[in-house]
(Lines of atoms letter the chains of each structure in order from A and count residues from 1; the text may use other names and numbers.)
(Lines give C-alpha, C1' and ligand atoms only; values in the text may rest on other atoms or scores of the structure.)
Protein backbone atom coordinates (compact mmCIF):
# COMPACT_ATOMS: atom_id res chain seq x y z
CA UNK A 1 0.00 0.00 0.00
CA UNK A 2 1.52 3.31 -1.09
CA UNK A 3 1.96 6.17 1.37
CA UNK A 4 0.73 9.69 0.69
CA UNK A 5 1.61 12.44 3.17
CA UNK A 6 -0.62 15.49 3.60
CA UNK A 7 1.07 18.44 5.31
CA UNK A 8 -1.24 21.16 6.59
CA UNK A 9 0.38 24.57 6.13
CA UNK A 10 -2.44 26.98 5.31
CA UNK A 11 -2.67 28.90 8.59
CA UNK A 12 -1.88 32.60 8.72
CA UNK A 13 -0.17 32.50 12.10
CA UNK A 14 -1.67 35.74 13.40
CA UNK A 15 0.09 35.46 16.75
CA UNK A 16 3.47 35.56 15.02
CA UNK A 17 2.66 39.19 14.13
CA UNK A 18 4.48 38.79 10.84
CA UNK A 19 3.85 39.12 7.12
CA UNK A 20 5.70 35.84 6.68
CA UNK A 21 3.51 32.71 6.63
CA UNK A 22 3.86 30.89 9.94
CA UNK A 23 5.38 27.72 8.53
CA UNK A 24 8.17 29.69 6.83
CA UNK A 25 9.54 30.95 10.14
CA UNK A 26 12.88 29.23 10.67
CA UNK A 27 14.05 26.59 13.09
CA UNK A 28 17.77 25.82 12.80
CA UNK A 29 18.03 28.17 9.86
CA UNK A 30 15.34 26.52 7.73
CA UNK A 31 11.57 26.99 7.43
CA UNK A 32 9.64 24.85 9.88
CA UNK A 33 7.76 23.20 7.04
CA UNK A 34 11.03 22.20 5.32
CA UNK A 35 11.88 20.01 8.31
CA UNK A 36 8.47 18.35 8.03
CA UNK A 37 8.87 17.79 4.29
CA UNK A 38 12.26 16.16 4.83
CA UNK A 39 10.83 13.90 7.52
CA UNK A 40 7.98 12.89 5.22
CA UNK A 41 10.45 12.17 2.44
CA UNK A 42 12.45 9.91 4.76
CA UNK A 43 9.38 7.65 5.01
CA UNK A 44 9.57 6.91 1.26
CA UNK A 45 6.22 8.54 0.61
CA UNK A 46 4.96 8.19 -2.94
CA UNK A 47 3.75 11.79 -2.90
CA UNK A 48 3.74 14.71 -0.48
CA UNK A 49 0.73 17.03 -0.66
CA UNK A 50 1.28 20.50 0.83
CA UNK A 51 -1.94 22.30 1.71
CA UNK A 52 -1.38 26.06 1.61
CA UNK A 53 -3.48 29.18 1.86
CA UNK A 54 -2.17 32.38 3.42
CA UNK A 55 0.99 33.67 1.75
CA UNK A 56 0.88 31.13 -1.05
CA UNK A 57 3.20 33.07 -3.34
CA UNK A 58 5.82 33.44 -0.63
CA UNK A 59 5.60 29.75 0.19
CA UNK A 60 5.95 28.63 -3.41
CA UNK A 61 8.90 30.97 -3.93
CA UNK A 62 10.67 29.73 -0.81
CA UNK A 63 9.90 26.03 -1.41
CA UNK A 64 10.10 25.98 -5.20
CA UNK A 65 12.41 22.95 -5.19
CA UNK A 66 10.54 20.97 -2.54
CA UNK A 67 9.00 18.43 -4.98
CA UNK A 68 5.53 18.52 -3.46
CA UNK A 69 2.01 18.69 -4.84
CA UNK A 70 0.61 22.12 -4.00
CA UNK A 71 -2.98 22.04 -2.74
CA UNK A 72 -4.82 25.33 -2.25
CA UNK A 73 -7.19 25.79 0.69
CA UNK A 74 -8.77 29.05 -0.41
CA UNK A 75 -10.81 29.40 2.78
CA UNK A 76 -9.48 28.23 6.12
CA UNK A 77 -12.48 26.24 7.33
CA UNK A 78 -10.68 23.84 9.64
CA UNK A 79 -8.26 20.95 9.58
CA UNK A 80 -10.81 18.47 8.25
CA UNK A 81 -11.61 20.81 5.37
CA UNK A 82 -7.87 21.23 4.69
CA UNK A 83 -7.23 17.49 4.41
CA UNK A 84 -10.30 17.11 2.19
CA UNK A 85 -8.75 19.47 -0.37
CA UNK A 86 -5.88 17.03 -0.93
CA UNK A 87 -7.94 13.83 -1.14
CA UNK A 88 -9.18 13.95 -4.78
CA UNK A 89 -5.71 13.17 -6.16
CA UNK A 90 -4.96 10.39 -3.66
CA UNK A 91 -5.90 6.87 -4.84
CA UNK A 92 -8.28 4.81 -2.72
CA UNK A 93 -5.73 2.04 -2.21
CA UNK A 94 -3.21 4.38 -0.53
CA UNK A 95 -2.72 5.15 3.13
CA UNK A 96 -2.69 8.81 4.17
CA UNK A 97 -0.46 10.30 6.85
CA UNK A 98 -1.45 13.77 8.09
CA UNK A 99 1.31 16.06 9.39
CA UNK A 100 1.55 19.75 10.30
CA UNK A 101 3.86 22.36 8.87
CA UNK A 102 4.48 24.02 12.24
CA UNK A 103 5.69 20.90 14.09
CA UNK A 104 9.26 20.63 12.75
CA UNK A 105 10.59 18.32 15.46
CA UNK A 106 8.49 15.25 14.63
CA UNK A 107 10.91 12.37 14.11
CA UNK A 108 10.94 9.57 11.53
CA UNK A 109 11.19 7.03 14.36
CA UNK A 110 7.91 8.23 15.88
CA UNK A 111 6.15 8.19 12.52
CA UNK A 112 7.48 4.76 11.59
CA UNK A 113 6.04 3.47 14.87
CA UNK A 114 2.69 5.07 14.05
CA UNK A 115 2.64 3.51 10.59
CA UNK A 116 3.43 0.12 12.10
CA UNK A 117 0.61 0.13 14.65
CA UNK A 118 -2.09 1.34 12.23
CA UNK A 119 -4.76 -1.38 12.01
CA UNK A 120 -6.02 -2.58 8.65
CA UNK A 121 -8.88 -0.31 7.51
CA UNK A 122 -8.51 1.65 10.75
CA UNK A 123 -6.69 4.68 12.11
CA UNK A 124 -3.30 5.05 13.73
CA UNK A 125 -3.44 8.09 16.01
CA UNK A 126 -0.51 9.85 17.65
CA UNK A 127 -1.35 10.99 21.18
CA UNK A 128 0.71 12.35 24.04
CA UNK A 129 0.15 12.59 27.79
CA UNK A 130 0.83 16.05 29.23
CA UNK A 131 0.97 17.33 32.79
CA UNK A 132 -0.80 20.46 31.55
CA UNK A 133 -3.10 19.58 28.64
CA UNK A 134 -4.75 23.01 28.44
CA UNK A 135 -5.50 24.02 24.87
CA UNK A 136 -5.33 20.54 23.36
CA UNK A 137 -8.07 18.21 22.18
CA UNK A 138 -8.67 15.42 24.72
CA UNK A 139 -8.72 11.72 23.82
CA UNK A 140 -12.02 10.09 24.78
CA UNK A 141 -11.89 6.40 25.63
CA UNK A 142 -14.46 3.76 26.58
CA UNK A 143 -13.19 0.51 28.07
CA UNK A 144 -9.71 1.52 26.95
CA UNK A 145 -10.70 2.02 23.33
CA UNK A 146 -10.53 5.42 21.62
CA UNK A 147 -14.04 6.57 20.74
CA UNK A 148 -13.50 10.23 19.92
CA UNK A 149 -11.68 13.52 20.48
CA UNK A 150 -13.13 16.65 22.03
CA UNK A 151 -11.53 20.05 21.48
CA UNK A 152 -10.72 22.26 24.46
CA UNK A 153 -13.47 24.78 23.69
CA UNK A 154 -16.08 22.03 23.38
CA UNK A 155 -14.94 19.94 26.37
CA UNK A 156 -16.87 19.60 29.61
CA UNK A 157 -15.16 20.31 32.92
CA UNK A 158 -14.74 16.57 33.45
CA UNK A 159 -13.27 16.02 29.99
CA UNK A 160 -10.79 18.84 30.57
CA UNK A 161 -9.24 16.74 33.35
CA UNK A 162 -8.05 14.18 30.77
CA UNK A 163 -4.30 14.50 30.18
CA UNK A 164 -4.02 12.33 27.06
CA UNK A 165 -4.26 14.74 24.16
CA UNK A 166 -4.44 14.69 20.40
CA UNK A 167 -1.36 15.71 18.41
CA UNK A 168 -3.32 15.92 15.17
CA UNK A 169 -1.04 13.38 13.50
CA UNK A 170 -2.84 10.34 12.15
CA UNK A 171 -2.65 7.72 9.44
CA UNK A 172 -5.71 6.20 7.76
CA UNK A 173 -6.70 4.31 4.61
CA UNK A 174 -7.55 6.79 1.86
CA UNK A 175 -10.87 5.22 0.85
CA UNK A 176 -12.31 5.27 4.37
CA UNK A 177 -10.81 8.67 5.16
CA UNK A 178 -12.61 10.18 2.18
CA UNK A 179 -15.90 8.78 3.51
CA UNK A 180 -15.32 10.05 7.04
CA UNK A 181 -14.31 13.50 5.80
CA UNK A 182 -17.43 13.77 3.66
CA UNK A 183 -19.59 13.37 6.78
CA UNK A 184 -17.99 16.17 8.81
CA UNK A 185 -20.07 19.10 10.07
CA UNK A 186 -19.07 22.45 11.55
CA UNK A 187 -21.50 22.34 14.48
CA UNK A 188 -18.97 23.28 17.14
CA UNK A 189 -17.67 26.29 19.06
CA UNK A 190 -15.24 27.23 16.28
CA UNK A 191 -17.65 26.72 13.40
CA UNK A 192 -14.98 24.63 11.65
CA UNK A 193 -14.68 21.18 10.11
CA UNK A 194 -12.45 19.35 12.58
CA UNK A 195 -10.20 16.55 11.40
CA UNK A 196 -10.52 15.17 14.92
CA UNK A 197 -14.17 14.30 14.23
CA UNK A 198 -13.08 11.50 11.88
CA UNK A 199 -12.07 9.56 15.00
CA UNK A 200 -15.67 9.36 16.20
CA UNK A 201 -16.81 8.62 12.65
CA UNK A 202 -14.33 5.76 12.39
CA UNK A 203 -15.46 4.38 15.75
CA UNK A 204 -19.12 4.50 14.76
CA UNK A 205 -18.33 2.70 11.50
CA UNK A 206 -16.71 -0.13 13.44
CA UNK A 207 -13.12 0.68 12.48
CA UNK A 208 -10.35 0.16 15.00
CA UNK A 209 -8.30 3.08 16.33
CA UNK A 210 -4.86 2.38 17.75
CA UNK A 211 -2.63 4.96 19.40
CA UNK A 212 1.10 5.54 19.61
CA UNK A 213 3.15 8.00 21.65
CA UNK A 214 6.09 10.06 20.35
CA UNK A 215 9.64 9.37 21.47
CA UNK A 216 9.38 12.58 23.52
CA UNK A 217 6.56 15.06 24.02
CA UNK A 218 8.50 18.01 22.58
CA UNK A 219 8.44 16.36 19.14
CA UNK A 220 4.82 17.27 18.61
CA UNK A 221 4.94 20.83 19.89
CA UNK A 222 4.09 23.55 17.40
CA UNK A 223 4.84 27.25 17.26
CA UNK A 224 2.06 29.83 17.29
CA UNK A 225 4.16 32.77 18.50
CA UNK A 226 7.79 33.87 18.72
CA UNK A 227 8.20 32.52 22.24
CA UNK A 228 7.15 29.03 21.19
CA UNK A 229 9.35 29.32 18.10
CA UNK A 230 12.36 30.07 20.32
CA UNK A 231 11.48 27.09 22.52
CA UNK A 232 11.42 24.81 19.47
CA UNK A 233 14.80 26.19 18.42
CA UNK A 234 16.32 25.47 21.82
CA UNK A 235 14.98 21.94 21.92
CA UNK A 236 16.23 21.27 18.39
CA UNK A 237 19.69 22.53 19.31
CA UNK A 238 19.73 20.57 22.57
CA UNK A 239 18.88 17.38 20.72
CA UNK A 240 21.51 18.08 18.04
CA UNK A 241 24.20 18.83 20.62
CA UNK A 242 23.44 15.67 22.59
CA UNK A 243 23.67 13.55 19.45
CA UNK A 244 27.04 15.05 18.50
CA UNK A 245 28.44 14.43 21.97
CA UNK A 246 27.24 10.83 21.87
CA UNK A 247 29.15 10.53 18.58
CA UNK A 248 32.35 11.68 20.29
CA UNK A 249 32.42 15.43 19.63
CA UNK A 250 33.47 17.69 22.51
CA UNK A 251 31.20 20.72 22.98
CA UNK A 252 32.61 22.93 25.72
CA UNK A 253 29.11 24.28 26.38
CA UNK A 254 26.28 22.41 24.60
CA UNK A 255 23.84 25.21 25.43
CA UNK A 256 25.91 27.63 23.36
CA UNK A 257 26.11 25.76 20.06
CA UNK A 258 23.94 26.17 16.97
CA UNK A 259 23.56 23.60 14.19
CA UNK A 260 21.78 25.05 11.15
CA UNK A 261 22.63 22.32 8.70
CA UNK A 262 24.57 19.05 8.87
CA UNK A 263 27.87 18.38 10.62
CA UNK A 264 30.09 15.37 10.00
CA UNK A 265 33.02 14.97 12.39
CA UNK A 266 36.04 12.73 12.78
CA UNK A 267 37.49 11.66 16.11
CA UNK A 268 38.39 14.06 18.93
CA UNK A 269 36.86 17.17 17.41
CA UNK A 270 36.47 20.09 19.82
CA UNK A 271 34.02 22.97 19.45
CA UNK A 272 34.29 25.95 21.78
CA UNK A 273 31.31 28.12 22.78
CA UNK A 274 29.05 29.99 20.35
CA UNK A 275 30.12 28.07 17.26
CA UNK A 276 27.54 28.21 14.44
CA UNK A 277 27.37 25.50 11.76
CA UNK A 278 25.45 26.27 8.55
CA UNK A 279 24.89 24.16 5.44
CA UNK A 280 27.06 21.07 5.04
CA UNK A 281 30.22 21.05 7.13
CA UNK A 282 32.84 18.29 7.43
CA UNK A 283 35.53 18.31 10.13
CA UNK A 284 38.39 15.82 10.15
CA UNK A 285 40.10 14.16 13.09
CA UNK A 286 41.35 16.38 15.92
CA UNK A 287 40.02 19.60 14.43
CA UNK A 288 39.59 22.42 16.95
CA UNK A 289 37.11 25.26 16.40
CA UNK A 290 37.47 28.34 18.58
CA UNK A 291 34.79 30.43 20.23
CA UNK A 292 32.40 32.41 18.06
CA UNK A 293 33.37 30.83 14.73
CA UNK A 294 30.87 30.49 11.87
CA UNK A 295 31.38 27.56 9.48
CA UNK A 296 29.24 27.27 6.35
CA UNK A 297 29.48 24.70 3.55
CA UNK A 298 33.14 23.90 4.17
CA UNK A 299 35.56 21.00 4.65
CA UNK A 300 38.35 21.19 7.21
CA UNK A 301 40.84 18.32 7.28
CA UNK A 302 42.66 16.62 10.15
CA UNK A 303 44.59 18.55 12.82
CA UNK A 304 43.50 21.99 11.66
CA UNK A 305 42.92 24.72 14.24
CA UNK A 306 40.45 27.55 13.70
CA UNK A 307 40.97 30.32 16.24
CA UNK A 308 38.11 32.40 17.68
CA UNK A 309 35.74 34.57 15.66
CA UNK A 310 36.74 33.33 12.23
CA UNK A 311 34.22 32.91 9.41
CA UNK A 312 34.74 30.14 6.86
CA UNK A 313 32.30 29.73 3.97
CA UNK A 314 32.48 27.64 0.82
CA UNK A 315 36.11 26.75 1.52
CA UNK A 316 38.33 23.66 1.67
CA UNK A 317 41.21 23.30 4.14
CA UNK A 318 43.78 20.50 3.97
CA UNK A 319 45.57 18.91 6.92
CA UNK A 320 47.18 20.96 9.65
CA UNK A 321 45.98 24.41 8.65
CA UNK A 322 45.68 27.26 11.14
CA UNK A 323 43.20 30.09 10.70
CA UNK A 324 42.46 33.20 12.72
CA UNK A 325 41.58 34.68 15.05
CA UNK A 326 39.25 37.07 13.21
CA UNK A 327 39.95 35.64 9.75
CA UNK A 328 37.49 35.32 6.89
CA UNK A 329 37.57 32.67 4.17
CA UNK A 330 34.97 33.38 1.51
CA UNK A 331 33.66 30.99 -1.18
CA UNK A 332 36.38 29.50 -3.34
CA UNK A 333 39.13 29.72 -0.74
CA UNK A 334 41.47 26.71 -0.59
CA UNK A 335 44.27 26.10 1.88
CA UNK A 336 46.87 23.44 1.21
CA UNK A 337 48.39 21.47 4.08
CA UNK A 338 50.09 23.48 6.85
CA UNK A 339 48.92 26.80 5.41
CA UNK A 340 48.37 29.65 7.85
CA UNK A 341 45.85 32.51 7.64
CA UNK A 342 46.13 34.94 10.52
CA UNK A 343 44.10 37.71 12.07
CA UNK A 344 42.14 40.08 9.84
CA UNK A 345 43.09 38.24 6.66
CA UNK A 346 40.43 37.69 3.99
CA UNK A 347 40.58 35.17 1.14
CA UNK A 348 38.09 34.97 -1.71
CA UNK A 349 38.43 32.56 -4.64
CA UNK A 350 42.06 32.13 -3.70
CA UNK A 351 44.39 29.18 -3.11
CA UNK A 352 47.16 29.31 -0.52
CA UNK A 353 49.81 26.66 -1.15
CA UNK A 354 51.63 24.14 1.03
CA UNK A 355 53.07 25.79 4.13
CA UNK A 356 52.35 29.31 2.90
CA UNK A 357 51.47 32.05 5.36
CA UNK A 358 49.37 35.20 5.35
CA UNK A 359 49.69 36.36 8.91
CA UNK A 360 48.05 39.74 9.22
CA UNK A 361 45.71 42.30 7.71
CA UNK A 362 45.63 41.15 4.08
CA UNK A 363 43.13 40.70 1.25
CA UNK A 364 43.84 37.90 -1.22
CA UNK A 365 41.20 37.67 -3.92
CA UNK A 366 41.20 35.73 -7.22
CA UNK A 367 44.70 34.51 -6.45
CA UNK A 368 46.84 31.42 -6.95
CA UNK A 369 49.59 31.33 -4.35
CA UNK A 370 52.22 28.60 -4.37
CA UNK A 371 54.09 26.74 -1.64
CA UNK A 372 56.26 28.28 1.07
CA UNK A 373 55.14 31.83 0.29
CA UNK A 374 55.19 34.57 2.91
CA UNK A 375 52.50 37.23 2.54
CA UNK A 376 53.46 40.28 4.57
CA UNK A 377 51.05 42.29 6.67
CA UNK A 378 48.83 44.65 4.73
CA UNK A 379 49.25 42.91 1.36
CA UNK A 380 46.41 43.51 -1.09
CA UNK A 381 45.68 41.79 -4.40
CA UNK A 382 43.95 44.48 -6.44
CA UNK A 383 41.70 42.17 -8.43
CA UNK A 384 38.87 44.46 -9.58
CA UNK A 385 39.18 47.18 -12.21
CA UNK A 386 35.66 48.49 -11.74
CA UNK A 387 34.17 46.14 -14.31
CA UNK A 388 36.02 42.81 -14.27
CA UNK A 389 37.98 40.59 -11.89
CA UNK A 390 41.60 39.67 -12.66
CA UNK A 391 43.93 37.02 -11.31
CA UNK A 392 47.14 37.27 -9.31
CA UNK A 393 49.61 34.36 -9.52
CA UNK A 394 52.37 34.06 -6.94
CA UNK A 395 54.67 31.08 -7.46
CA UNK A 396 56.57 29.02 -4.87
CA UNK A 397 59.05 30.51 -2.37
CA UNK A 398 58.06 34.12 -2.94
CA UNK A 399 58.52 36.66 -0.12
CA UNK A 400 56.00 39.52 -0.20
CA UNK A 401 56.92 42.43 2.05
CA UNK A 402 54.40 44.31 4.16
CA UNK A 403 52.01 46.84 2.63
CA UNK A 404 52.43 45.52 -0.91
CA UNK A 405 49.78 45.96 -3.59
CA UNK A 406 49.64 43.56 -6.53
CA UNK A 407 47.60 45.06 -9.37
CA UNK A 408 46.10 42.17 -11.32
CA UNK A 409 46.53 40.63 -13.76
CA UNK A 410 50.06 39.98 -12.59
CA UNK A 411 52.44 37.05 -12.04
CA UNK A 412 55.28 36.82 -9.53
CA UNK A 413 57.70 34.04 -10.45
CA UNK A 414 59.38 31.53 -8.15
CA UNK A 415 61.75 32.82 -5.50
CA UNK A 416 61.07 36.51 -6.08
CA UNK A 417 61.16 39.08 -3.28
CA UNK A 418 58.84 42.08 -3.19
CA UNK A 419 60.03 44.90 -0.98
CA UNK A 420 57.72 46.37 1.62
CA UNK A 421 55.49 49.19 0.42
CA UNK A 422 55.75 48.24 -3.26
CA UNK A 423 53.01 48.49 -5.86
CA UNK A 424 53.47 45.69 -8.39
CA UNK A 425 51.93 46.37 -11.80
CA UNK A 426 54.10 44.18 -14.04
CA UNK A 427 55.17 40.54 -13.95
CA UNK A 428 58.17 39.71 -11.75
CA UNK A 429 60.84 37.20 -12.84
CA UNK A 430 62.40 34.33 -10.89
CA UNK A 431 64.56 35.31 -7.91
CA UNK A 432 64.18 39.02 -8.65
CA UNK A 433 64.03 41.69 -5.97
CA UNK A 434 61.47 44.35 -6.81
CA UNK A 435 61.19 47.70 -5.04
CA UNK A 436 58.84 50.47 -6.12
CA UNK A 437 59.15 52.80 -3.14
CA UNK A 438 59.97 56.47 -3.68
CA UNK A 439 63.37 57.62 -2.44
CA UNK A 440 63.45 58.61 1.22
CA UNK A 441 64.22 62.29 1.82
CA UNK A 442 65.60 63.88 5.03
CA UNK A 443 64.90 67.56 5.76
CA UNK A 444 66.91 68.86 8.70
CA UNK A 445 65.68 71.59 10.98
CA UNK A 446 62.06 70.95 10.10
CA UNK A 447 59.47 72.70 12.28
CA UNK A 448 55.92 71.53 12.50
CA UNK A 449 53.16 74.07 11.81
CA UNK A 450 51.88 75.89 14.88
CA UNK A 451 48.16 76.14 15.46
CA UNK A 452 47.03 79.75 15.10
CA UNK A 453 45.15 81.36 17.93
CA UNK A 454 41.66 82.63 17.09
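Even glycines carry a Cβ here, placed using N, Cα and C.
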Further acetyl-CoA ligand in Swiss-Prot, beside 377, 383, 384, 402, 420, within candidate set 351, 437, 439: 437
Rounded Cα-Cα span from residue 102 (Mg(2+) binding site) to residue 78 (UDP-N-acetyl-alpha-D-glucosamine binding site), Å: 15
Distant-in-sequence neighbours of the region 'Linker' (227-247), which means Cβ under 8 A and at least six residues beyond its ends: 16, 25, 27-28, 32, 104-105, 218, 221, 254-255, 257-259, 263, 265
Of the binding-site residues listed as 8, 102, 330, 383, the one whose CA lies nearest the CA of residue 360 (active site, proton acceptor): 330
Between residue 224 (Mg(2+) binding site) and residue 11 (UDP-N-acetyl-alpha-D-glucosamine binding site): CA-CA distance (Å): 10
Largest tally of Cβ atoms lying within 10 Å of a Cβ, found at which of the binding-site residues 11, 78, 101: 101
In three-state DSSP terms, the structure that residue 151 (UDP-N-acetyl-alpha-D-glucosamine binding site) belongs to: coil
